[in-house]
Amino acid sequence: FFCSKMATLPRPRIVLQEGEGLPDNRIKTSKYNILTFLPINLFEQFQRVANAYFLFLLILQLIPEISSLSWFTTIVPLALVLTITAVKDATDDYFRHKTDNQVNNRQSEVLKDGKLQNEKWMNVRAGDIIKLQNNQFVAADLLLLSGSEPHGLSYIETAELDGETNLKVRQALPVTSELGADIRRLAEFDGEVVCETPNNKLDKFIGVLLWKDNKYSLNNEQMLLRGCVLRNTDWCFGMVIFAGPDTKLMQNSGRTKFKRTSIDRLMNTLVLWIFGFLVCMGIILAIGNSIWEHQVGARFRMYLYWKEVVNSSVFSGFLTFWSYIIILNTVVPISLYVSVEVIRLGHSYFINWDRKMYYAKNDTPAEVRTTTLNEELGQIEYVFSDKTGTLTQNIMTFNKCSINGKTYGDVYDELGRKTEINEKTVPVDFSFNPLADSKFQFYDHSLIESIQLRDRTVHEFFRLLSLCHTVMPEEKNSGELIYQVQSPDEGALVTAARNFGFIFKSRTPETITVEEMGQLVTYQLLAFLDFNNIRKRMSVIVRNPYGQIKLYCKGADTMLFERLHSSNEELASLTSDHLGEFAGEGLRTLVLAYKNLTEEYFKEWFKILQEAKTSVDSRDEQLATAYEEIERDMMLLGATAIEDKLQEGVTETIASLSLANIKIWVLTGDKPETAMNIGYSCRMLTDAMNEIFIMSGHTVMEVREELRKAKERLFGQSEGFSNGHVFRKKKEKLNQGSVFQVTVTGDYALVINGHSLAHALEADLEKEFLEVAFMCKTVLCCRVTPLQKSQVVELVRKYRKAVTLAIGDGANDINMIKSAHIGVGISGQEGMQAVLASDYSFAQFRYLQRLLLVHGRWSYFRMCKFLCYFFYKNFAFTLVHFWFGFFCGFSAQTVYDQWFITLFNIVYTSLPVLAMGLFDQDVSEQNSMDYSKLYEPGQLNLLFNKRKFFICIAYGIYTSFALFFIPYGAFYNIAGEDGKPIADYQSFAVTMATSLIIVVSVQIVLDTNYWTAINHFFIWGSVAVYFAILFAMHSDEFFDIFPSHFSFVGNARHSLGQISVWLVILLTTVVSVTPVITLRFLKIDLNPTLTDQVRKLQRARRKQKPLQTQMHQVYRTSSRRSAYAFSHQEGFGELITSGRNMRVRNLHPTSGQYMIAPVGLKTGIRKQLNLSWCIFVQLSYEAV
């Protein structure tokens, strides 16, 4: 026995049963192993310019001729930051390894040596034959050989791959399905498979099975992909085609990418600028040293204690340059990066601990999987979202209907006024029906009254719903009736008919059995006119027990209204109004109609149908013609309205994010109708929009023409306004050219399908596509492949300097998640593949609002304040050495003692700024949610940019100037109260050091908006620690023990015992902080921002919230949405009429007919979540 697999037909890859030469089934999502961790992690860390910069400084400090500071002042912090970062990265990767091991060690039954043996997944190889049991995960990409169901059918759930819980059918080749469960025959199977190379196309497979001198074509219908779950199938056997990294699931996973935030990238640039500034200062001081040495130093050079006298003033300046590079390096201290990592880790734990992002139903908390991206959550401009499983629950409910011109579904009070349905509303009692679905709820009692009064039209309405569908029933041993559905909308309609007394019981290829108001009625199924994307309708032709032949049809209103009999004109007009009302409420609609047929007419038409079915040429066209012939002159029954269940809070979340100027693009594999339905349901699309551009061109020219027309409409519309509207036109310089963008008045949306998008993403059209897309409020990309999803994200990143976020729940979203700056996985029942590839994960889409508007905004705000303060204090601290150089002969003498330099950033000022970076808030979390506009400063990068950086260093330079020259001027030719001089070097150093500590402490007090006990403890505690260490190091005891290291003996007591010194410290503090206090007061008073005003409201303890109003319903007449939008493929009509999915249960001898029971297609029913259509209206800046 052997299996072969080849990359391309000319060069086959043939492997024996053991699978030599092919990868095993082991998966790897981790980045490191024990051997590669250290070199790869160090390489990644030294990509940071600052780390390489500090390594360079460490090397300089090891040269005694130029170093005036000990090497440990640099190596200890550098080793600390590298270690902390490495431990964090190792921890993240450990959990990836742990997840990989859990998956790799799962057990599967593999056919070896003629018997089934338990084997770990990681040991499975291409060519192995595996047995799967019901509800078991598929271990690798398998070719389905046989199964327990008739005709080799198997049913799978693909939630891990695409997020959809609807079951899909796979069918083995007839020649292999005969193998059944015969272990001997399966072990003797010696077929060869020639197939495509491993790729990431989930919906496509091309291959050929060579067996017994015959060739059999293979496609995706015979494949069970890794990550799927076998459902409603007792067992099946499959042969491994792709294993491990070759599987389509792992091909979609890609490599784990190293992501860095925009602040990280800016920091790299700033570090280079600072290093340039540092070099300039070093050059100035080196030149000063050379001049001083030439003019002054040469006179007493011989008296200095040098091993070798430096006679050259130029060489002296050269050495001094490197000495000052070492001394002034603290403008970018290594402790900055330690603090950044600690702050990011703290922010990550805040997200993990957020109970408001915990989903109790599935016991799923929010999880930060990458801890280095938190501040970028506060800068998102584009969100790319999957649809199924991300925005929706994939649950449909029968909400309203129109029957014979009368609507049902609304609730009215005693005065005839329409009332809203709430928890107190009494639902219809279906207890009279023992087979009613207990989960189904309907609140209009008049409909059940019409049923009980035997209204003929109402009965015919529900009879149609119970007959015209592709649902498969399954009756459990307990008598429970379960419907297996291809799409949830059909399940909702059949369940509604079931509860109202028309219970679909069973079907055979020739009959449909329905229990109508307690009576069992069997209809003969004469023809099944299946649904497809062009027809947008389906029909069944049945013969009732009375011999009458009827056609029942349901479909989109645009298709059925034009096929109605002329006598229906008045009823059609009334029903059309009802459809408009339903659509305006965000419901999905279908129109129902019937037609009575004579025996003669049907026989003639059936001959035409049989000829079309047996036609070799143009079979589809002939079938369409035959269907068109009989589906005309129908009588209208009414219409249904189904609610597409969104996840809880989706509408409010999208509305809130839109107010925060976050653009949401939906990238889905579903067809345009489905995407538009969801767009209307969650208010991304509305009838109030100026226009919705739908692009469906099949060629480059067609797509180009559609884009041209869209731009004409956009530009023409914008130019047509002249009543005071101001339009902003700008050129955006891009990587490869520019895109002309116009900000237009009005709302537009773009809907584009997969084949059109493929052309739009080509190099010569991508800019035109983006010009239109950027001007639209909403963009829906439909029928897109996983590759196209990532291409759209990368295109926006390429031409737009904006931070992107991608959110999804399936393996088809992995490329998109990894391509975006930030990837979010939806965890829960729909699979974990997207979560494993994501940076953040949670259970519900609505948590995205809190992640961005609260945690993201706070993280960005805190990180920016932290960086501004850190650069300020270190420039103030370091540049004192620069000023001192002009008064010490440019000798590279430090103005502070060495211990103060070492401890300043590590001990004295580390904790207060850390507390601010972890806990500070400008406004409360509720106000962050209520005032979405507060998010915009992050998008515009206003809180920390190059301009802010220059302001911070200018303020730091000013503070350093005050710190040096005020004590210098005050101590010039002055004596203390005891008559002793206080202008010595050590007293001067202590005075400046104390002034610096107090100034930076006062500054952080001014910068802190939100005070906690930790802030108080760290700030005042750090000041106390400074004085404690100062007096300890200047004590006699330390000097006695380490005389060479603590030379400032007694100076603290002497200097700080003078009142004049404290007056100098006070004056220095006042002069240093007065400008910032003045500027902030004027700014808040004269030009307050929205943040300032909201903070003022908080301080005034006014609990003012944004005005809450209910969104008015906008009724549409042109946006009806067919419930068939959820049928992503052709229906199961052919499968039903062929009987291939039926299993013989027992024979009724009296009738001579077989009783057939359906199998497969089981889906879980999730708890319905009530969705509030009430959204918050954001207070504008002026309203505040």
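Using N, Cα and C of the backbone, Cβ positions are placed for all residues, glycine too.
Some features that TrEMBL has for this protein:
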- Asp386: active site, 4-aspartylphosphate intermediate (ACT_SITE)
- Asp386, Lys387, Thr388, Glu490, Phe531, Lys554, Arg588, Thr668, Gly669, Asp670, Arg783, Lys789, Asn812, Asp813: ATP binding site (BINDING)
- Asp386, Thr388, Asp809, Asp813: Mg(2+) binding site (BINDING)
- 22-75: domain 'P-type ATPase N-terminal' (DOMAIN)
- 835-1089: domain 'P-type ATPase C-terminal' (DOMAIN)
- 69-87: transmembrane segment (TRANSMEM)
- 270-292: transmembrane segment (TRANSMEM)
- 312-338: transmembrane segment (TRANSMEM)
- 866-887: transmembrane segment (TRANSMEM)
- 899-919: transmembrane segment (TRANSMEM)
- 949-968: transmembrane segment (TRANSMEM)
- 988-1006: transmembrane segment (TRANSMEM)
- 1013-1033: transmembrane segment (TRANSMEM)
- 1059-1082: transmembrane segment (TRANSMEM)
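Using a cut-off of 8 Å between Cβ atoms, the transmembrane segment (312-338) and the transmembrane segment (1059-1082) share fewer than three residue pairs, counting only pairs 6 or more apart in sequence. Between the transmembrane segment (949-968) and the stretches 270-292, 899-919, 1013-1033, 1059-1082, Cβ pairs under 8 Å are most numerous for 1059-1082.
For the transmembrane segment (988-1006), the partner stretch with the highest count of Cβ pairs under 8 angstroms, out of 866-887, 1013-1033, 1059-1082, is 1059-1082. In this structure, the binding-site residues under consideration are Arg588, Arg783, and the one with the smallest number of other Cβ atoms within 10 Å of its Cβ is Arg783.
Looking at Asp386, Asp809, Asp813, the recorded positions in this record, the fewest other C-beta atoms within 10 angstroms of the C-beta turn up around Asp386. Between the C-alpha atoms of Thr388 (ATP binding site) and Asp809 (Mg(2+) binding site), the distance comes to 8 Å.
Looking only at the binding-site residues Thr388, Asn812, the densest Cβ neighbourhood within 10 Å occurs at Asn812. Listed binding-site residues near Asp386 (active site, 4-aspartylphosphate intermediate): Gly669, Asn812, Asp813 (candidates Arg588, Gly669, Arg783, Asn812, Asp813; Cα-Cα distance within 10 Å). Cα of Asp809 (Mg(2+) binding site) to Cα of Gly669 (ATP binding site): a span of 13 Å.
A contact between the transmembrane segment (899-919) and the transmembrane segment (1059-1082) is absent, since fewer than 3 of their C-beta pairs, 6 or more residues apart, lie under 8 Å. Within its own chain, the transmembrane segment (1059-1082) is flanked in space by residues 876, 955, 958-959, 962-963, 966-967, 970-971, 974, 976-977, 982, 987, 991, 994-995, 998-999, 1002-1003, 1006, which lie at least six positions past its ends and keep a Cβ under 8 Å from the stretch. Comparing the binding-site residues Phe531, Gly669 by how many other C-beta atoms lie within 10 angstroms of each C-beta, the top residue is Gly669. Closest in space to Asp813 (Mg(2+) binding site), of the binding-site residues given as Phe531, Arg588, Gly669, Arg783, is Gly669, taking the CA atom of each residue.
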